[in-house]
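Novice: From Swiss-Prot, for reference:
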BINDING   30-37, 149-152, 178, 186-189  ATP binding site
ACT_SITE  37  active site, proton donor
BINDING   61, 155  (R)-pantoate binding site
BINDING   61  beta-alanine binding site
């Protein structure tokens, strides 16, 4: 496994891979890798000749400076995990390598609509940062495939739209959420939880299951369902942030013709903002 930190070296290897006709898969990450990331790697390995994992804590997508500062950085441990998984390349650039002129005046990619709705409302600029860095990685690495987790449901939808709109010839693969045995979705931010909070954390998944059961049963009183769910979260020790029930295919409000719903949930537990989602097939 080769660790690449500079753009010239990356370009050199990408040119060689292209000349050899290799099928390349990219797994973009911000590091602090867990089993969910490893599932992305496994999916990439099954679909391509060469797997490149990027590790870059992207300052452009953080809406709070304190969150950027304390985001876990575990490059050595990450590389050890990826080496055991027989990843071919790790691209781990410094911020100065990606944004040599700094963030001020940086050209960016903005996906209208999806960037400012739902999660984008409470995190202004976040999705613009995501689409910009992903676009930059696509331009640099020129992958045939890119793998993303379905835990970040809105992010995946945004990237799919960006790829379609920008004409990228890249297959976007969504990989299902990996959960702990108690249902908690694996996330790098779970590291912020204390031992006591970790015991409480699966409550978010349980509340989503309760919402799903109501939707499957035909209940469409969405405001009431959401209000009850927020109350349940607060009673469990969370601070409910945002719960939405949307059309899974458009992320717009549910209509009578919606075939699938997605429950999008975000809640604070101590210093950790946990997000999760669950899709439900609706009775027609």
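Going from the start of the chain as shown, residues are counted 1 onward.
Glycine residues also receive a Cβ, built from the backbone N, Cα and C atoms like all the rest.
What's the neighbourhood like for each of these?
Specialist: Neighbour list (residue 30 (ATP binding site), Cβ cut-off 8 Å, at least 6 residues apart, same chain): 55, 56, 57, 58, 71, 188.
Sequence-distant contacts of residue 37 (active site, proton donor), defined by Cβ-Cβ distance under 8 angstroms and a gap of at least six in the same chain, are 27, 29, 149. In the three-state DSSP classification, residue 37 (active site, proton donor) falls within a helix.
Under the three-state DSSP scheme, residue 61 ((R)-pantoate binding site) falls in the helix class.
Around the Cβ of residue 61 ((R)-pantoate binding site), a 10 Å sphere holds 20 further Cβ atoms from the protein chains shown.
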Novice: About how far apart, in whole Å, are the alpha carbons (Cα) of residue 150 (ATP binding site) and residue 61 ((R)-pantoate binding site)?
Specialist: 18
Novice: Cβ neighbours within 10 Å, counted over all protein chains: which one of the binding-site residues 155, 188 has the most?
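Specialist: When each Cβ's neighbours within 10 Å are tallied, 155 tops the list.
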Novice: So if I measure Cβ to Cβ from residue 36 (ATP binding site) and keep only same-chain residues at least 6 apart in sequence, which ones fall under 8 Å?
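Specialist: Counting only residues 6 or more apart in sequence, the Cβ neighbours of residue 36 (ATP binding site) under 8 Å are 149, 151, 177, 178, 185, 186, 187.
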Novice: Given the binding-site residues 33, 178, which one is most crowded in terms of C-beta atoms within 10 angstroms?
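Specialist: Ranked by Cβ atoms within 10 Å, first place goes to 33.
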Novice: How many whole Å apart are the CA atoms of residue 155 ((R)-pantoate binding site) and residue 33 (ATP binding site)?
Specialist: 18
